[in-house]
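Peer 1: Heads up, here are the entries from Swiss-Prot:
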- 5-25: transmembrane segment (TRANSMEM)
- 63-83: transmembrane segment (TRANSMEM)
- 132-152: transmembrane segment (TRANSMEM)
- 170-190: transmembrane segment (TRANSMEM)
- 253-273: transmembrane segment (TRANSMEM)
- 283-303: transmembrane segment (TRANSMEM)
- 329-349: transmembrane segment (TRANSMEM)
- 356-376: transmembrane segment (TRANSMEM)
- 379-399: transmembrane segment (TRANSMEM)
- 416-436: transmembrane segment (TRANSMEM)
- 484-504: transmembrane segment (TRANSMEM)
- 526-546: transmembrane segment (TRANSMEM)
Amino acid sequence: MAAQGFLLIATFLLVLMVLARPLGSGLARLINDIPLPGTAGVERVLFRLPGVSDSEMNWKQYLCAILGLNMLGLAVLFFMLLGQHYLPLNPQQLPGLSWDLALNTAVSFVTNTNWQSYSGETTLSYFSQMAGLTVQNFLSAASGIAVIFALIRAFTRQSMSTLGNAWVDLLRITLWVLAPVALLIALFFIQQGALQNFLPYQAVTTIEGSQQLLPMGPVASQEAIKMLGTNGGGFFNANSSHPFENPTALTNFVQMLAIFLIPTALCFAFGEVAGDRRQGRMLLWAMSVIFVICVGVVMWAEVQGNPHLLALGADSSINMEGKESRFGVLVSSLFAVVTTAASCGAVIAMHDSFTALGGMVPMWLMQIGEVVFGGVGSGLYGMMLFVLLAVFIAGLMIGRTPEYLGKKIDVREMKLTALAILVTPTLVLMGAALAMMTDAERSAMLNPGPHGFSEVLYAVSSAANNNGSAFAGLSANSPFWNCLLALCMFVGRFGVIIPVMAIAGSLVSKKSQPASSGTLPTHGPLFVGLLIGTVLLVGALTFIPALALGPVAEYLS
């Protein structure tokens with residue numbers, strides 16, 4: 001079993017790196033404001049028609065463009081879900097959503113979280129899925145990538161005030177990166193058996209002779225961008241464990257690759273744009289080390305079986321509860337770590353049914369800020385915050401002003417870095433405390449004791465860090481939970497983007513200083529270890545008390 005797990009991890013990472021390297025070169029061209037071959041003419045026409053200026057923006061203008069697009073998308077999606085029953089492509093005549101569920105869902109998809117307090121096949125029409133959710137899957141992913149584009153330019157430009165043009169970046173990312181790759185993935189899914197139709201739900205007779213209603217819909221097109229954009233919201237309630245979304249072992253492998261593809265490519269692109277590919281490899285090494293250790297822990301925990309079942313005399317040599325037998329325990333463990341290391345949230349197994357340690361690792365990966373590969377764009381700019389913090393700590397130890405890529409890191413940057421890093425832990429801990437204060441909110445827990453608290457802690461961790469997966473034992477479709485989680489998702493997304501853009505605006509105006517004998521190398525194994533230690537230290541100091549009340553207490557009981 002250990003050899004199989006090692007081979008699975010190694011194969012996954014090898015194929016991932018092979019695919020991400022050329023994509024990273026293409027992204028580097030876009031960051032350097034070089035159109036991809038054959039696209040410049042199309043871009044000129046698309047900007048000329050609405051009269052949009054393609055001149056460069058400062059950080060405030062860039063930020064306002066990103067926020068404006070997302071706020072407009074939030075309003076459109078909210079009213080679309082409320083009035084779903086008036087819109088076309090609703091063969092099941094599904095009603096509009098309640099205001100709190102519509103708000104939660106709109107915020108969820110605009111923030112790239114895709115938390116779902118509903119069952120897709122019984123709640124949303126084809127129009128809502130396509131024109132509402134799928135569109136936001138593209139736009140939220142493009143927004144995250146645009147922010148990291150701006151931050152990378154801030155490190156590589158000198159004595160400037162502009163970071164590029166948000167509309168140019170969003171257009172290029174959507175048209176030349178997300179759309180073509182998602183199309184290829186969708187066609188592959190269709191070839192493998194994923195649904196893509198507009199038929200009404202089909203009544204069929206099962207082999208036992210009973211009647212069953214099979215849901216239909218344009219699944220493959222949404223599934224592709226759901227994975228590629230690290231969105232994660234399933235067309236069906238069972239998400240990627242549903243055979244209509246994820247029909248074969250091959251589609252499952254491609255889904256895992258799609259989740260990590262752009263975050264990995266962005267690391268390669270960062271090194272190329274910075275003029276030192278070792279910088280990108282340093283980030284990949286740090287992410288990969290944490291990732292491999294986490295996968296190993298989850299695989300080990302799930303292979304050990306459920307000790308509570310063993311105590312009752314049941315055969316539980318491995319923990320298969322809540323897992324698809326066609327994927328097995330090792331693949332389910334790998335997928336769980338992939339989807340929570342990235343801010344995806346898609347699942348092929350029920351994380352609520354994992355062992356105490358097996359469920360704690362995905363929760364902890366979210367709590368440290370989704371920086372182990374992370375979401376498209378958001379993962380890398382989240383890790384860059386820890387890079388700045390690690391550089392600052394190293395500067396304190398050697399008595400020098402911290403610098404990164406030749407840029408001095410001053411008090412302003414460190415204050416903004418601390419603010420951005422503290423946003424999500426504050427939301428998680430305060431949200432969990434608020435949810436545990438009254439009987440009404442605690443009644444949403446379907447399990448007592450430490451595991452019930454773990455369900456609450458997982459939910460707010462998932463929402464605040466824009467992941468979207470859940471311990472499904474929590475009944476979250478209530479006004480309190482919909483509003484609380486919507487607030488966590490909104491602040492967790494934009495409360496980090498705003499200081500990140502402010503950091504970019506500060507750095508882009510600085511000159512790059514040449515390296516000296518006292519400059520800390522940020523591309524070697526020493527800095528990789530320092531960066532990993534910084535991530536672990538912040539995660540440990542912040543969440544160990546809360547984890548001790550949940551999964552740790554459950555493991556020890």
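Even glycines carry a Cβ here, placed using N, Cα and C.
Relative to the rest of the structure, where do these features sit?
Peer 2: Residues 23, 26-27, 30, 35-36, 39, 42-43, 46-47, 69, 138-139, 141-143, 145-146, 149, 196, 219-221, 223-225, 227-229, 247, 251, 254, 258, 261-262 of the same chain, all 6+ positions outside the transmembrane segment (170-190), place their C-beta atoms under 8 angstroms from a C-beta of that stretch.
Among residues of the same chain six or more beyond the transmembrane segment (329-349), those with a C-beta under 8 A of the stretch's C-beta atoms are 1, 4-5, 8-9, 12, 112-115, 226-227, 230-234, 239-241, 246, 249, 252, 255-256, 259-260, 263, 287, 290-291, 294-295, 298-299, 302-303, 318-320, 322-323, 358, 361-363, 365-366, 370, 372-375, 378-379, 462, 465-469.
Residues 112, 141, 144-145, 228-230, 260, 262-264, 266, 287, 290-291, 294, 297-298, 301-302, 319, 333, 336-337, 339-344, 382-383, 385-386, 421, 424-425, 428, 451, 454, 457-458, 461-462, 465-467, 469, 471, 535-536, 538-539, 542-543, 547, 550-552, 554-555 of the same chain, all 6+ positions outside the transmembrane segment (356-376), place their C-beta atoms under 8 angstroms from a C-beta of that stretch.
Away from its own ends, the transmembrane segment (379-399) comes close to residues 144, 147-148, 151, 230, 263, 266-267, 270, 283, 286-287, 342-343, 369-373, 409, 413-414, 417-418, 420-421, 496, 500, 503, 518, 520, 522, 527, 530-531, 533-535, 538 of its chain (Cβ-Cβ under 8 Å, at least six residues beyond either end).
Long-range neighbours of the transmembrane segment (416-436) within the same chain, counting only residues 6 or more positions beyond its ends whose Cβ lies under 8 Å from a Cβ of the stretch, are 367, 369, 385-386, 388-389, 392, 442, 444, 453, 456-457, 459-461, 463-465, 480-481, 484-485, 487-488, 491-492, 495-496, 499-500, 502-503, 506, 538, 542-543, 546.
Remote same-chain residues near the transmembrane segment (484-504) are listed as 59-60, 62-63, 66-67, 70, 103-104, 107-108, 111-113, 115, 117, 147, 150-151, 153-154, 163, 378, 381-382, 384-385, 388, 413, 416-417, 419-420, 423-424, 427-428, 431, 434-435, 459-460, 463-466, 476 (criterion: CB distance under 8 Å, separation of at least six residues from the stretch ends).
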Peer 1: The transmembrane segment (5-25) vs the transmembrane segment (283-303): three or more C-beta pairs under 8 Å (separation of 6 or more)?
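Peer 2: Counting Cβ pairs under 8 Å, at least 3, so yes.
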Peer 1: If I count Cβ-Cβ pairs under 8 A between the transmembrane segment (283-303) and each of 132-152, 253-273, 526-546, which range comes out on top?
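Peer 2: Looking only at 132-152, 253-273, 526-546, the most contacts with the transmembrane segment (283-303) come from 526-546.
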Peer 1: Determine which residues of the chain contact the transmembrane segment (253-273) at the Cβ level, with the cut-off under 8 Å and only residues 6 or more beyond its ends counted.
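Peer 2: Residues 12, 15-17, 19-21, 23-28, 31-32, 141, 145, 148, 152-153, 156, 177, 181, 185, 188-189, 223-224, 227-230, 240, 246, 279-281, 283-284, 287, 334-335, 338-339, 342, 344, 346, 373-377, 379-380.
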